[in-house]
Structure formats: structure tokens, C-alpha cells
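Participant: Here it is: the structure, laid out below.
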Amino acid sequence: MAPGNGSFVTAFILVGLTDQLDLQVPLFFLFLLMYMVTVMGNLSLIILIGINSHLHTPMYFFLFNLSFTDLCYSSVLTPKMLIDFLSKENIISYMGCMTQFYFFCFFVVSECYVLTSMAYDRYVAICNPLLYNAAMSPKVCSSLMFGSYLMAFSGAMAHTGCMLRLTFCDANTINHYFCDIHPLLQLSCTSTYVTELVVFIMACINIIVPSLTIFVSYGLILSSILHIKSMEGRSRAFSTCSSHIIAVSLFFGSGAFVYLKSSSTGSMDKGKISSVFYTNVVPMMNPLVYSLRNKDVKNALRKTLRRRKY
């Protein structure tokens, strides 16, 4: 398949996380371990929610989708990253790079809106508990997820379409461990003004808008919690939100640091470290945070293990 729109480059070389040879093998085993925990943790949550009927509620429906997106976007990047730790030439084809870029954008934007839907779910559960069943009906939940994946599709198409319009001449070394926006923009031998403008607008829509929605939701939740007279009631309300707050802080914090800044070379190495947080650490931490801090998930796991014994 030929590269699109006049691009002379047929393949890219990925610099990777670091160019220090003595760190390649230790980093391979570290990220392999992290990926194994990510796959096992997210798959376990998906299976657990699927087979336990008492977890078929809006909250766990969104958690199911969160685990799915975490598993997918981690799998889009990490296997290639692991291969490159042990390879002498970290080459990725032009179309392979654009494909990786598209699916990465799709699943990351999906996660933004899944987390936003989860915040709305918690807002309804705490601030309007009597209307919860009607407000979070299966139809509403399905519509929220459909909207999330539609926004992800639109965002990924916009980003990838702009990237395909760029021309890459001689420079083909990507200063990153995957095909990300800013490193690719630095290699273009044509103007990137329009592409950078689209990237900034899409980042504002897909990071700032969900962040503000989540912030407002939790502001209303906090106000509602402070009106609860019993300390036990307050504690229970806070505990249902704490896991989600941790997940949101890790994901949006690292994402905003990487994408709401210029694509200067000096900031690229810092960007790599931040990228590790939302591409490797967040997908690994989410199932741990939601299972270790969640009584329903722990009880479901115990019941499932008991069933298998008998």
C-alpha cells in the first residue's frame, strides 16, 4: 500500500524510550511485567462483570467499557514497544505508523468520554438517587457509550486525516517510542500550521471539555455530600467516587501535559515520560484501583473463585 498524498518516506525509525543500550533489557522486563498486569487485570474485570449478574448496573457497564478501552490502547502500543527494546533497528512502515496512530487516537479519546460518563453516573447516583433508575436506564447508558465511541471515531479521523496530508521527505526518525502527534509534526517538510491548529482544537474538545464536565459533576457531588448529616453516609458517598477521581487525575493530568503544549524538541523527552503514564501506567492501575477499593468487585471475585472450586 503506497504512502498517501506525496509522502516520500516509506518507513520510520522509532528512537524509543531511551537510546542507552544498557537499559534496554531491564526496561523490556519492566514493561513486559506491566503489560502482563494490564492484560490480566483488565481481562479479569471484563470477565467478572460479564458473568456476574449483580454487576450488570450502569456503574459497572461503564467500568466494563473502561477496561476494554484500557486493554485496547495499551495493546496498540506496548507489543511494538517491547519488540523495539530487543531490536537493533526499530522500524515501522508508513502505513503501520498511521494505523497505530489512528487506533491510539480512537481508544484514548474513547477513554476521555468513558471517564466523563462515569462522572455523570456518580453525579446522578449521589445527587438524584430517586431518579437514578430512570436517568441511567439501559438506553441512556448505551447512548452515552455510542456517543463516546462516535466522538472517538471523529477525533481519530480528524487527526489521522491531517497527518496523511503532510509530506515527509528525508527525515524519518521519530523521537518517541510510538507514532505520536508532536514527533510526527517535527518530521514534516511541509507547513504544519493547519494540522497543529486542528490538533490543538481537538485536544481542547477532548481534554478540556470532559475535564470541565467531570469537575462540575464532582463540584455538585461534593456540595451534595456536605449536606449529608451522617458521617457514615458521607464516608460511603466519598468512597464510591475516590477510585474514579484517582483514574481521572492520572489520565487527564498526564494527557494535558503532553498535548496542551508546543511540539518543541526540548520538551519531547519530558513528553515521553508523561506518555508512559497514560499509555502504560494508567491502563495497569485502573483495574487495581477499581478492584482493590471496591467491595462489590472483591465479593464477585470471591464468589467466582468459589464456584470454580466446586
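Each residue's number is its place along the chain shown, starting with 1.
Each residue, glycine too, has its Cβ placed from N, Cα and C.
TrEMBL feature annotations, pasted as is:
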DOMAIN    41-290  domain 'G-protein coupled receptors family 1 profile'
TRANSMEM  27-48  transmembrane segment
TRANSMEM  60-81  transmembrane segment
TRANSMEM  101-120  transmembrane segment
TRANSMEM  140-158  transmembrane segment
TRANSMEM  197-225  transmembrane segment
TRANSMEM  237-260  transmembrane segment
TRANSMEM  272-292  transmembrane segment
Participant: Determine whether the transmembrane segment (60-81) and the transmembrane segment (197-225) share at least three Cβ pairs under 8 Å, counting only pairs 6 or more apart in sequence.
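Facilitator: Contact between the transmembrane segment (197-225) and the transmembrane segment (60-81): absent, because fewer than 3 Cβ pairs are under 8 Å.
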Participant: Could you pull the average pLDDT for the domain 'G-protein coupled receptors family 1 profile' (41-290)?
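Facilitator: That region's mean pLDDT is 85.
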